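K.L.:
So TrEMBL lists these for the protein:
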DOMAIN    79-393  domain 'UvrD-like helicase ATP-binding'
BINDING   Ala100, Gly101, Pro102, Gly103, Ser104, Gly105, Lys106, Thr107  ATP binding site
DOMAIN    398-681  domain 'UvrD-like helicase C-terminal'
REGION    757-780  region 'Disordered'
Amino acid sequence: MGSCGCTKMFHPGMMRVVWTQGHRFVPATTSLLLRPQCRRVETSSLSSFVDLRLPSRLFPVRITTLVPAGYCRQIVSAIGLNEEQAAAVKTEANCVRVLAGPGSGKTLVLTCRIAHLIKKRGVNPSNMLCITFTNKAADELRQRLRKLLGEEISAKLTIGTFHSVCARVLREIATKEEVGVDKDFVIYDEQDAGRVVKAILEEILNNTEGNNSVKEELSSEELGSKKKKKQLSVPTKEVQETLDLIAGLKQFELKNFVLKRSQSSQVLKMPFKYTKIQHLAKRYQSALRTYNAVDFDDLIYLTIRLFYLKNEFWEKYQKRWSYVLADEFQDTDVAQYILVRKLCMNNKNLFVVGDVDQAIYGWRGADYKNMQDLGRHFPELTTLELRRNYRSSQSILTLASEIMNQSSRSNNSLKPLKLEPVKAGGALVTIAHFENSEEEAKYIHNKIRSLISRKQASYNSFGILYRTRNQGQTFERMFIENGIPYSISGATSLLSYKEVKDLRAYLQLVWNLEDGVALERVINTPPRGLGPTTLKNVREWALGRSLSLPQGLRLIIEEQPSHKDLGITAKARKSLLEFSELVSELVELSSSEDFTVGMLVQEILSRTKFLEHLEGSDENGEKRTGHIEEFQVLANKHGCGRPALAMFLESIALNSESEEVGKDGKKLDTVKLSTLHAAKGLEFDNVFISGLEEGTLPHVRGDVDEERRLFYVGVTRARNQLFITHRKQALVPDIGFRQTRVSSFLDLPKKLYKEEWHESDDSWKSSQSGNYRSVAGASR
Ligand SMILES: Nc1ncnc2c1ncn2[C@@H]1O[C@H](COP(=O)(O)OP(=O)(O)OP(=O)(O)O)[C@@H](O)[C@H]1O
């Protein structure tokens, strides 16, 4: 064998099948799983930091234009904390809620609080758990803390998202007996989970024989219509709806479980919609367990379960993490809230930062009322406010505040924050009207060009934000045609390309041979004569023996049944055995201590002739090959052996955020296209918010208060210039292409913005006046 760094070192004769013998994997060590990349960075002096007599010169940050708010700023000049920030950092209270407006320096405060606790209060960094909402935010916090505290101290902190922290816990304590998976579990993302649900639904639909109780869960109309059309596959929308229902049911069950364990007399009654889905959910969970897999929700639920079931587990972790700090607390859901409460139940050392006006994830279960409930569950809670906004000009901030003043703020007992701009004046916000998306995109393109040519901006100082993903396509087209570099966040990330998912599935299977979803994905990719009919017959053969497909395949290798027994051709049988052998050899390679993840990927590519197949697949072959190369760049960052493989798989399962760096690792100078949701935490000098139409923003299916908050989040991303656009004709979600009405969110006092009309038909302009102009003009 060679050593790390060699490109090829596999001698087929040396390693043989392990798969058939029930290979046990080396569990990924937790420290390896979550330890930040070891990279030395310069440490800034702490002495100035810990003395918080204002104005302290403590946190040297350079403000650049492209980066997510506060991301990776370099040290150029020293800035101090304002009084509110310093109060939050220094407070003697242990249980603290910080209500922080947009651009008020949440990350700065969180970072400094951590440093303060360590340096002034002598808290051991190993006892601190810092939970962020995204992986990107976790990285940012880590980088800032390295600069502030140095590598040694910051490496002791646990920083991660709820999901990554719980994955870490489960890798340490999960057992099949208690939670149905062991420590080597794989994490299924939404699409993997969707494949499991789809398979179950299709099995129900296609299995017309016998008294199938599950089938009864689908309404007779649903089933009837499917049968009539002889439709054997279940549409994605239905899969998604089923997944949502299963998620709801699991959350409901968790709540009841916690109530029961807390000896509460209260028992929640199951909503009717869940009773219908119960059996299906059971099948889904049992499929996951057979594959030794968990979905995202499970990561948190199973952790909570273990904490409630076994006191010693809870005690271990509440002792280990006796200080909990959490960012973006308004976006926590019920499970995340339960987990935080459980961890802090005894110690009561909790520091949360959040803003209910920026709560935008209610549609996926987040509940900003958790921010309020803290007061009920922790009577000793101290509440502090951060109101000074450093980001936006006064003009932008006044408009933003007005947007929120018009919100009902129902259900929110917390007093609204009165934002104070640090930057006075500023250009008035522009509201511009266009005929259609093309005209809108042309205008935005011209604005960018003009500012760039006058050297007044770089590409990365522009953010174009929109409500629905398909709005981004017109901008993409315009930029491609005109050579404007752009990147997209919150949309197609590298990991969502089919070819990348296929390659990733090989790695998942190599990590966990029980992974039926990964197996089905790769067994005939690239094609090797194991098409749907062969697979169906093999699956049935396995099912007849009460085995999953992966288990069945292993039995085939052991027992070597004839192709007739299997109901497949002799050629297919040969191919099946060759495939099994390939997987076994890959498993063996992955266990080798000097075989890197990058080498494993290379091995898969060459042994399966993956790239040759891609190149010849269609006209996008070259593009697809490029995606694989990018994936290899990611894989190459990881080390040797199975722990490294686990770490790589975990990082990609939990990190759906798209990359913002080029292959050389440098930040891209690109215009950023982003959905409003994905823009959270970003800031730009110049922001365009597209498509302020009824049905689009507010979205036809959205909760109007939450949609308003989303608009507010978009507006508060802008530093200097803000353009808000409306299209006279546009594709309205769920409704189609049509004449639009200006969004009611633009019913704003006229003095707060200037207006431009870029469409030809003046009669339309007057017909719209009743919509919002008259309201704006008349009332103010
Ligand atoms: N005390 C300060 N002095 C000068 N600039 C500051 C100070 N505090 C924060 N800032 C700057 O204000 C900007 C916003 O800070 P940050 O990104 O931490 O805001 P945030 O509260 O996380 O905002 P949001 O919730 O809107 O994402 C950053 O550019 C940051 O450097």
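Cβ coordinates are placed from backbone N, Cα and C, and glycine is handled just like the others.
Give me the local environment of each listed feature.
P.N.:
Long-range neighbours of Ser104 (ATP binding site) (same chain, six or more residues apart, CB within less than 8 Å of its CB): Glu84, Gln85, Leu386, Arg387, Arg388, Asn389, Tyr390, Leu419.
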K.L.:
Taking the Cβ of Pro102 (ATP binding site) as centre, how many other Cβ atoms lie within 10 Å?
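P.N.:
Cβ-Cβ neighbours of Pro102 (ATP binding site) within 10 Å number 26.
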K.L.:
Can you count the other CB atoms that lie within 10 A of the CB of Thr107 (ATP binding site)?
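P.N.:
Counting Cβ neighbours of Thr107 (ATP binding site) within 10 Å gives 21.
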K.L.:
Note the Cβ centroid of Ala100, Gly101, Pro102, Gly103, Ser104, Gly105, Lys106, Thr107, the recorded ATP site, then list each other residue of that chain whose Cβ lies within 8 Å of it, in sequence.
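P.N.:
The surrounding set, listed in chain order, is Val109, Asp355, Leu386, Asn389, Tyr390, Arg391.
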